[in-house]
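Features reported for this protein in Swiss-Prot:
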- 1-87: topological domain 'Cytoplasmic' (TOPO_DOM)
- S25: phosphoserine (MOD_RES)
- S31: phosphoserine (MOD_RES)
- 88-108: transmembrane segment (TRANSMEM)
- 109-122: topological domain 'Vesicular' (TOPO_DOM)
- 123-143: transmembrane segment (TRANSMEM)
- 144-156: topological domain 'Cytoplasmic' (TOPO_DOM)
- 157-177: transmembrane segment (TRANSMEM)
- 181-201: transmembrane segment (TRANSMEM)
- 202-209: topological domain 'Cytoplasmic' (TOPO_DOM)
- 210-230: transmembrane segment (TRANSMEM)
- 231-238: topological domain 'Vesicular' (TOPO_DOM)
- 239-259: transmembrane segment (TRANSMEM)
- 260-316: topological domain 'Cytoplasmic' (TOPO_DOM)
- 317-337: transmembrane segment (TRANSMEM)
- 338-373: topological domain 'Vesicular' (TOPO_DOM)
- 374-394: transmembrane segment (TRANSMEM)
- 395-401: topological domain 'Cytoplasmic' (TOPO_DOM)
- 402-422: transmembrane segment (TRANSMEM)
- 425-445: transmembrane segment (TRANSMEM)
- 446-457: topological domain 'Cytoplasmic' (TOPO_DOM)
- 458-478: transmembrane segment (TRANSMEM)
- 479-489: topological domain 'Vesicular' (TOPO_DOM)
- 490-510: transmembrane segment (TRANSMEM)
- 511-548: topological domain 'Cytoplasmic' (TOPO_DOM)
- S542: phosphoserine (MOD_RES)
Amino acid sequence: MEEDLFQLRQLPVVKFRRTGESARSEDDTASGEHEVQIEGVHVGLEAVELDDGAAVPKEFANPTDDTFMVEDAVEAIGFGKFQWKLSVLTGLAWMADAMEMMILSILAPQLHCEWRLPSWQVALLTSVVFVGMMSSSTLWGNISDQYGRKTGLKISVLWTLYYGILSAFAPVYSWILVLRGLVGFGIGGVPQSVTLYAEFLPMKARAKCILLIEVFWAIGTVFEVVLAVFVMPSLGWRWLLILSAVPLLLFAVLCFWLPESARYDVLSGNQEKAIATLKRIATENGAPMPLGKLIISRQEDRGKMRDLFTPHFRWTTLLLWFIWFSNAFSYYGLVLLTTELFQAGDVCGISSRKKAVEAKCSLACEYLSEEDYMDLLWTTLSEFPGVLVTLWIIDRLGRKKTMALCFVIFSFCSLLLFICVGRNVLTLLLFIARAFISGGFQAAYVYTPEVYPTATRALGLGTCSGMARVGALITPFIAQVMLESSVYLTLAVYSGCCLLAALASCFLPIETKGRGLQESSHREWGQEMVGRGMHGAGVTRSNSGSQE
């Protein structure tokens, strides 16, 4: 009966890449390949027809064809001149985002004094920015998944630039409240630059490159403080708002150089455009393109919220939402607390200052002094060691443990602030706390694009960013309003939140260290091959000895 089916001779070895595609190349020694054999059987296969005569679907094409996926092309082309240019351009977007965020801690006390605003209106001025970011983050993610990463990013940057400059001309409080809210709406799309950036990076360089992009965030925060030192005393806050939009203007001019993500193009069926993009990158990097045919991924609905809550991603999504919430809640809370603590001298000084203020005037205020700006600059510089520490540990401990460690150290530093310490020790504790909470934020930006597939990557990052904005929305009322009632309760809230976030990081079901980016919502490419004739008897074995 076996002779009726086929004559046993020799079974040619087929090499399957981790992404699912395959090739006949015998000298292909790339890591992650496995030889698949049937023990004890040597077969010469003859062509057979399907019983029903149906054609094999395109996505189930013959795995012995010379084919490659975008992941293979990105890995083969490697990191080069193109990625360096993209790093600088993406970094400009991050620098602009950081400056718009940092300006809140500088603008709030200035307007508090200049316009005689009560504390709740000062807090609302900060919160309205985060309301805009929260309401738009998911929208920008959906636009990026539906219409392309470049499209979503370009529109959001132009939007932010326009309303950022307009807000400098606000005549009264209500106007600046509305305009800064619209600025926040645009900033909600800036994190999509990470989605675009990550999809052009080879696996080994991805974590390091995304973390190094965060250096631009640190540069942005430091530059904003330095700019405020020189601009605020002479030109005032309006010029500070205008000059803070310069990085956005540069990005808006240069963003037309950006290509669309090849992964997005393949997923949306634009094979020719994806190949053209990959050839452009290969030319700029001076690297060869892989031989063979680019596989077109099975076209799926993109940017659907329900895909974030499939059984495979449900817990990941919920835990990530809380992690991002805690990151932003604690990070921006610390930024706002820093100016309050420096003005008071220490934690105990806030209580004594509160009594003096109440006796004098409910609208009493203090402008930031030169000493306050310098100490603010020192704590802002902590962003740089935060990047370096995270860069060193993220590929050693993994993404989950890195986030957990950062949350724990921030929580510990927050508890130490309960002690009435001098200004120097206060600055040191704030420096360490900010370094590690920014490191946790950076690790989350590495993990999130890695854990979601291309079809929902932008939406996943967008919803996480939206939850971060919820935390940032709430934090002014803790760091600026609750602080007046109880300093210790305020610090306890931040410390407790980060301890819970550390636990959430440990319970994330997927560790993405060493994983390639997924193209499909299917966990493994082999699941897309279900239905294809693979009925050979025997045991499947890989060179590594593990079953695939």
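Quick reminder: no glycine exception, Cβ is built from N, Cα and C everywhere.
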The transmembrane segment (458-478) touching the transmembrane segment (123-143) per 3+ Cβ pairs under 8 Å rule: yes
Folded-back contacts onto the transmembrane segment (490-510), same chain, C-beta under 8 angstroms, at least six residues removed: 315-316, 319-320, 322-323, 326-327, 329-330, 333-334, 337, 347, 400-401, 403-405, 407-408, 410-411, 414-415, 417-418, 437, 440, 447, 451, 478-479, 482-483
Among the ranges 157-177, 210-230, 374-394, 402-422, the one whose Cβ pairs under 8 Å to the transmembrane segment (239-259) are most numerous: 157-177
Of 157-177, 317-337, 402-422, 458-478, whichever stretch has the most CB pairs under 8 A to the transmembrane segment (88-108): 317-337
Chain residues in Cβ proximity to the transmembrane segment (317-337) (below 8 Å; excluding those fewer than six residues from its ends, i.e. six or more beyond): 101-102, 104-105, 108, 126, 130, 308-309, 403, 407, 410, 430, 433-434, 437-438, 440-441, 444, 447-448, 451, 460, 463-465, 467-472, 474-476, 478-480, 483, 490, 494, 497-498, 500-501, 504-505, 507-508
Structural state census, the topological domain 'Cytoplasmic' (202-209) (DSSP three-state): 7 helix, 0 strand, 1 coil
For the topological domain 'Cytoplasmic' (202-209), distant same-chain residues with Cβ under 8 A (at least six beyond the ends): 74-75, 77-79, 83, 87, 391, 394-395, 399, 446, 450, 513-517
Long-range Cβ neighbours of the transmembrane segment (157-177) (under 8 Å; 6 or more residues past either end): 93, 96, 100, 111, 115, 117, 121, 124-125, 128, 183, 185-187, 189-190, 238-239, 241-242, 244-245, 248-249, 251-252, 255
DSSP residue counts for the topological domain 'Vesicular' (479-489), split into helix, strand and coil: 10 helix, 0 strand, 1 coil
For the transmembrane segment (374-394), distant same-chain residues with Cβ under 8 A (at least six beyond the ends): 102, 105, 207-208, 211-212, 214-215, 217-218, 221-222, 225-226, 229, 338-339, 342, 368, 402, 405-406, 423, 427, 430-432, 434-440, 442-443, 446, 513
For the topological domain 'Cytoplasmic' (144-156), sequence-distant contacts whose Cβ falls under 8 Å of one of its Cβ atoms, 6 or more beyond its ends: 93, 136, 186-190, 192-193, 195-196, 199, 252, 255-256, 258-261, 264, 268, 302-303, 455-459, 462
For the topological domain 'Vesicular' (231-238), sequence-distant contacts whose Cβ falls under 8 Å of one of its Cβ atoms, 6 or more beyond its ends: 106-107, 110-111, 114, 168-169, 368
Averaged pLDDT, computed only over the residues in the topological domain 'Cytoplasmic' (446-457): 84
